[in-house]
Amino acid sequence: MTVQSPDDSTRAPATSTAAPATADPKIKARGVKVFYGDKQALFDVDLDIPAKSVTAFIGPSGCGKSTFLRCINRMNDTIPSARVEGSILIDGADVNAKSVDPVVLRSRVGMVFQKPNPFPKTIFENVAYGPRIHGLATGKAELEAIVESSLKKAGLWNEVADRLHQPGTGLSGGQQQRLVIARAIAVSPEVILMDEPCSALDPIATAKIEELIDELRSQFCIVIVTHSMAQAARVSQRTAFFHLGKLVESGPTEEMFTNPRDSRTQDYITGRFG
């Protein structure tokens, strides 16, 4: 995928050109604002995210992309000064409704962080932990089947099948990140959020994670924050560009990278700022 560089006079004015993704999105955000104390970090975000696809969030550091990502599974609840306004619906249900248990929500919406964070447990127990506490397995055999299936989906089973009872922290960085993805998959989520999942990995491990993301998108709604526009172009079907706490533009990834509608998007993807 190449980046088109139209003359400045042909570019769209600097107004938001974000558009709904589908008529029936998996995730639907409207008027989302985030405050940390008196400081507003996110301004009136409207965004639709489709099911069974990869949506990439791009933008310079501090633009609000990770802040918005954390709204989807209410991770901002863990920050005492944070306040979220607006609505985020998953399959039509507001994640911020008082009746929603954040723990249950986070089993539906898994999260993979920037640095691999396996539990200080065995490889098996890392994956078994979620299904066990959520009562997803009725016995040992079913739990073992979930662990095996999750590790296979994460592309890790063949590498660890003979050492399941060794510490997860003994794996390489790329293997640890795939273990974390297996842990998320094990509780049968509907959405997987990834906050710069490859930033701490070498190119070979990054390529394996990207291959895994491509394989998983047929089963899950995946949202990835990345500073790498090349990665966004490789793994995503839709892209959303954030700048200064605002969603500037969203749309099909190929269109965003070859024919952006907003001048700020064009400037960012061509390296004029960021």
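Yeah, the Cβs are placed from backbone N, Cα and C, and that goes for glycine too.
The region 'Disordered' annotation in Swiss-Prot falls on one of the ranges 1-23, 231-253, namely 1-23. Taking the centroid of the Cβ atoms of G59, P60, S61, G62, C63, G64, K65, S66 as the ATP site, the other same-chain residues with Cβ within 8 Å of it are T67, F242, H243.
The DSSP secondary structure for K65 (ATP binding site) is helix. Most Cβ neighbours within 10 Å, among the binding-site residues S61, S66: S66 holds that distinction in the structure as shown.
Long-range Cβ neighbours of G64 (ATP binding site) (same chain, at least 6 residues apart, Cβ-Cβ under 8 Å): V34, A41, L42, F43, V45, F242, L244, G245, K246. Secondary structure at G59 (ATP binding site), taken from DSSP and collapsed to helix, strand or coil, is coil.
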